[in-house]
Amino acid sequence: MDNDDEHVAGDFFLHSMTTDTIQRRTFLEHFQRFIPQQTIIYIQYCLLRIPFILIYDYLLTEKFSSLNEYILKYLIQIIDHNNYFFLKPISYILHSSLFHILSQIYLIFLVPVLGLILLTLLLLCSDRRLVIFYSYTISLLVIYFDYQMSYKTDIQSSSSIDTYILQFLLSSIYIQMLNIRPRVRAYKVQTRLCHLAPIVLIVTRYLISTNYNIPVLKFYYLIWTFVHLSELFLCRQQTILNLMRNRFINDLYHLYENFGLQTLINYLSTRIDVATLLKIFWLTKIIVLPLGIRTIYTHPYISNVTLNMNMANLNDNMTLDDKQTNYNETLVNTIYFTSLFYGTETIFTLISLACLISYLMKTISHRLFRLLHLWTEDVEQIGTVVGVMFFLLLFQSNITRLDLNRRHVPLLKAFSLLIVALFHFLHTILEPQLLKVAMQTITTRIVFNRTDENSQEGEGNEQENRNNSSLTSLYSSPILRSYHHRHVYTCLSILFLVVLYVALLWRLTTFSTWLLAVTAFSLELIVRLLASLAQYTLYVLDAHNRLSNADSFDEYIFLIKAVTSCFEFILGVFLLFNGFYILCFESRGTLRAIMLAIHAYLNIIKNLRRGWQIFRNRKSAWDNVNQLPLATNEQIEEYNDICSICHNTLTSGVACVTPCFHIFHQKCLQKAFYATKNCALCSRPIIQERNQHRE
């Protein structure tokens, strides 16, 4: 925002003040006692730009397309009706199929792209320039309304006094608009023309005959319009040229040429504040437009507003009973249908709605994750991810072309998927924290819970404790105390809520492919939650020495992860076939096909390759370890050292000797083979030396 933007609101209130500011305060200064000046400037920044976004959104509506078709048909009728010789080539072009194809391309591609470029340039303007632009526009509208009021008001009408009052108000608005922008030479002429408007109206009504009053009015307002436009095109000509050449196009082009497209997009997003403008635009569209500008309901209230403009020609043939079927009897239904229609009217509106949902989900997630003590930097991305997912779900359902009575269905489906996606993201943040708590439990047990009594126990008692029943181990008090943690409670709460949510969906909704997709998505989350709790349980049992086979701890962890990955792979294949069925028999679309291809590559093909690679690596590592000779008691006593990988004592039967005569545990060496084939101490290649030693 420019530095001169802060003085725009002050200029609006201070332009007519000539007294000393110390003696007399303006309305803005009194207003700043309740609202800070920066807040007023930010509100001004948004209000000056929302009308441009509303106009651009109107270019994407069906009403604008119908208006273009109506104008085109009207021109064709005029050309065909006149039947002039020089108009026949134009008529032939307008009737050709190529022209209709080009007109469709113009409405589908050129209008959105060119409108977006123009909208970007307008949004980049400073507040002062936008205020000047609005002053010229409002002044021109005042001239037009003044002319229409003077032209259509009858001399003997009872509203003649009201006409003078309205004309006085319009004149005041025009003078106010003149005072907002800097004064030029035509200022006095425009002021006098504005003050002459009531006099001209009185003269044309009472002093001039009826045959000449209309031409005099037209001549007067033409002069007024010409003077107004002359100020714009003559006095502001240099400003407009500099604005178009230097300020916008050249600067943006040089920024793109020197720093690239990503820098240009970051600059535009920082300068314009797109997300905030889109959120305010969506709220403005569903609140302001239905109440004033584009009213879609009458009395009784219309329920179906998706009727085309061509349906107006059929109204004459409809009976009264048929017309009453398109109406509601309550205001609540009217507000609901109006908000639903305007909130999902165009693709641009869906993007704005996605920005609003993204902001709401970001706010909710921030409070939720801070409450659960799970705040990380990744939480900042949840708003963007949810917004993009919400827009893609609505866009692939083709919600803008659905009947109004069915538009709530894709919205509810999208929100239901967002709830499961939020739980998925919560589990993604929760799982490492839960395992971190488990590792802290192990560390605490090792450091602080080694009492003298445990140190004096023999190996026989230790083996006996390890062979105790699993039921007694699980229900001992130290283990139960390990589960009294907020992360464990959070994981169990998510598991309970997801199960309850899926049960409610199956009870309240009918069987459909969408229900199968949500269920599969939820089952994937349930399996992940159970896997996280199973890993946490293994860590706790290992910390309290309650595992029957402590050496197989890593195998248990790998088994849990392998079962989870296999289940996720099966659900991914199921979702692929379910989406393919929807694509073929329920809802076709290019975006849905692209999303299915992305899902097949990321969640099926890549996971299959990664799982197969992990299986091959484990098998190769285990084969290499099994080919190494086991260490005897004499070799271990002669080696007289610990395992350099796990730093535990070496025992016969589970330790092996490398060709470089270093001794490691078999499990430790197997895990080391995942990263490197070299010795952990001397960094020599074990397999190569083993082959040479065999030769």
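Backbone N, Cα and C define each Cβ position, glycine as well.
For reference, TrEMBL has these:
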DOMAIN    643-683  domain 'RING-type'
TRANSMEM  40-59  transmembrane segment
TRANSMEM  105-124  transmembrane segment
TRANSMEM  131-149  transmembrane segment
TRANSMEM  161-180  transmembrane segment
TRANSMEM  192-208  transmembrane segment
TRANSMEM  214-235  transmembrane segment
TRANSMEM  340-361  transmembrane segment
TRANSMEM  382-399  transmembrane segment
TRANSMEM  411-430  transmembrane segment
TRANSMEM  488-508  transmembrane segment
TRANSMEM  514-541  transmembrane segment
TRANSMEM  562-583  transmembrane segment
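Note on the transmembrane segment (411-430): residues 344, 357, 361, 365, 368-369, 372, 374, 376, 378-379, 382, 385-386, 389-390, 393-394, 397, 399, 487, 490-491, 494, 497-498, 501, 505, 514, 518, 521-522, 524-525, 528-529, 532 of its chain, located 6 or more positions outside it, place their CB under 8 angstroms from a CB of the stretch. For the transmembrane segment (161-180), the neighbouring stretch richest in Cβ pairs under 8 Å, chosen from 131-149, 214-235, 562-583, is 131-149.
The list of residues near the transmembrane segment (562-583) in space but at least 6 beyond its ends in sequence, with Cβ under 8 angstroms from a Cβ of it, reads 513, 516-517, 520-521, 523-524, 527-528, 531, 589, 592-593, 595-596, 599-600, 603-604, 607-608, 611. Note on the domain 'RING-type' (643-683): its mean pLDDT in the predicted model is 76. The stretch in closest packing with the transmembrane segment (40-59), judged by the count of Cβ pairs under 8 Å and taken from 105-124, 131-149, 340-361, is 105-124. Long-range contacts of the transmembrane segment (105-124) within its own chain (CB-CB distance under 8 A, at least 6 residues past either end) are made by residues 49, 52-53, 56, 59-60, 65, 68, 130, 248, 268, 271-272, 277. Under 8 Å from some Cβ of the transmembrane segment (131-149) lie the Cβ atoms of residues 8, 12, 48, 125, 163, 166-167, 170-171, 173-174, 177-178, 180-181, 197, 217, 221, 224-225, 228, 232, all in the same chain and six or more residues away from its ends.
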